[in-house]
Amino acid sequence: MPTALCPRVLAPKESEEPRKMRSPPGENPSPQGEPPSPESSRRLFRRFRYQEAAGPREALQRLWELCRGWLRLERHTKEQILELLVLEQFLAILPWEIQSWVRAQEPESGEQAVAAVEALEREPGRPWQWLKHCEDPVVIDDGDGPAAPQDLEQERMSAESQSYPDAPPGALVQGTGLLSRSPGQPSEDLVPQDAFVVQEQSIRDAQPVATCQLPPNRVSPFKDMILCFSEEDWSLLDPAQTGFYGEFIIGEDYAVSMPPNEPPVQPGHSHEEENGLRVTEWTTDLQDKEIPQASCLDLSSLQPFQGEERRKWEELQVPELQPCPQVVLSQSPCPAGGDPPALKSSLDQEVTIEIVLSSSGDEDSQHSPYCTEELRSPPEDLHSVPAHQSNASAEGEVQTSQKSYVCPNCGKIFRWRVNFIRHLRSRREQKPHKCSVCGELFSDSEDLDGHLETHEAQKPYRCTACGKSFRLNSHLISHRRIHLQPASQQPMKKSEEEALETEGTGASDLLEKSKAKLSFQCGDCEKSFQRHDHLVRHRRHCHLKDETRPFQCRYCVKTFRQNYDLLRHERLHMKRRSKQALNSY
C-alpha cells in the first residue's frame, strides 16, 4: 500500500518524556526563582495577545520583558542576536512536518538547522519517510519544547470559523497552509493543502484549473487514497516521486478512489488518462456547476507528462476555442477632408497598421483622410496589409526615423550612431582630399584646410641670396649658413648623393669622404670646422683677444666681453670663499 501522509509528527524527544499538562497562557512554567528559558520567552513573545494586558503601556512593557528574556541582551552581541532572529525565521518557514523534527533537535545557530535539514533530505525516501500514522500524540510542554500541533490546529480552526461563519459542519475550509474541516469535525482528517490543490503555472494561466470535485459532505483524507501507475510510467518517476507515492501498484487493479466504506461510483463519470493514472469524478456536470477550489484535487502536476502526452492532458482541461468574429472596421473622415480610398472587397481578411508619425498627431491628418477607430482581427491575419496602406506606412517610416547624425564631409544622414562612426572610419582610411600646392592627401576636409593655412601664412623673413621666405628668423639664419660656405665646401645635393650610391663601393667611399669634409672655415687662420658653433667659439677665444673687454672681475684681474661671462666667473669666487669660511671654524 502507498505511504500515507499525516500532518502531525511527534518529535523523537517528546515521545520519551512523561506526560505533562500544558501551562495556562502567560504563566511562567519554570520553577519559582528561576528565569524562563530563552525558548519559553520566545514562544510567549510570539503568542502574546493584546487582551492579556491591562492596557497598551502594560502590553508594550510585557513585550519588552519577553524579548529581553529571549534575546538576552546582557549576554549576546549584535551578531548573536541577529543569528537568533534569522534562525527563528528559518524554522518558521520550514514545512510543518520538517519544522517539528528540526525544532526537536534544538539547533543553536542557522548552520546547525541547515545541517539537520540536509541530513534529513539525504536519507532514503527524503522527508516523506518520517511521515507516518499517529493516533493522538502526547502533548508535552515543559517550557522549552516546541508548540504542540493540537493547539495550533485549534487556533487555526477558531480563526477559520470566524472567517467562514456560514460554512456547513462537514465542508472543507481553505486556511493558511491547511485544508481543514470546520470546528465541528474531528482533527484526524486534517491534511495539508498541498496534497489536495496543486497549482500549476502554464501558458493558460488565465483559464481556471480543471480539477476533480469530491462528493459533498464526503471528503476523505489523502492518506486513504491510492495513486496507481502503469509499469512503464512508474519507471519514469525519479527517486523523490517514488518515495512520495510509496510502493508500485498495477494500474488495472486500483484507481484513485474513496476508502472501502464509501459507496461505489458510477462508471459513466470516470475517464482514464493515457499516462496510466485514473481520476474518478463524482460530479454530474462540470460545465453547469462552479467548482469550489477548496474541495478540489488537481493531479496534473503529479504526472510526469512530456511532449505529446502533456498536450493531450492540457486539451482535456481547457475548453475548445470559439471561432473569432469577423473584422469590424468603422471609419470616419479626418478633419483634413478628402476622398476615401478604394477599399478591397475582402475587408474581413485585411488588417490596417496604424503608424504614429509624431507625438502630437498633427502629421497623421495630412497623409490619410480616413482614420481607423476600431479594429478587431484574428492573429493569423496580421501578415496581410492592404495596398492602400503600404504606401502610407512607408512614408511613416521615413518620417518617424530621426536621422540626427550628419556626415560633415559628404553630407550623408544616419539614424544610428554606430553606422555613423563606421562611416567616419571608412572616410579616414580613404584620403580623397589633395592639397593643390604640395599634393599631400588628407582624409578629412578640415585637415586639408589646416594644411592650406601653412601655405598661405605670411613669411616676413626673406633670404637676399636666393629669395626664399621663412616664417621664423631662426630658419632664415640656418638657411644663410649655406650661402656663407665656399662653393667647394657646400654640402652635396640629394641627386648627387643618389648618383654616387648607385655607382658602387668606390663611389660610396667617395661619398663618405665628401661628407667628412670640414664645411666651416675660419677667415683668419683658415681652420675648418664641421659645426658653425665651433667656428664661433674659435674666433672668440683666438682672434678677438685684442678687442676691448669692459667687464672686469672684482676678485682677480680677468676681463670679459660680456656681463654673463663675468657673473659666471664671480660665482666661482663666491663658492671658493664660502668653503674657506666653513673650514676656518
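In case you wondered, yes, glycine gets a Cβ from its N, Cα and C as well.
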Phosphoserine: annotated position in Swiss-Prot, out of S182, S368, S377: S182
Region 'Disordered' according to Swiss-Prot, located in which of 483-506, 531-554: 483-506
Feature region 'Disordered' in Swiss-Prot, mapped to one of the ranges 141-167, 438-464: 141-167
Of 105-109, 270-274, 400-404, 575-579, the range Swiss-Prot labels motif 'Nuclear localization signal': 575-579
Composition by DSSP (helix, strand, coil) of residues within the zinc finger (520-543): 12 helix, 4 strand, 8 coil
The zinc finger (551-573), counted residue by residue under DSSP: helix, strand, coil: 11 helix, 4 strand, 8 coil
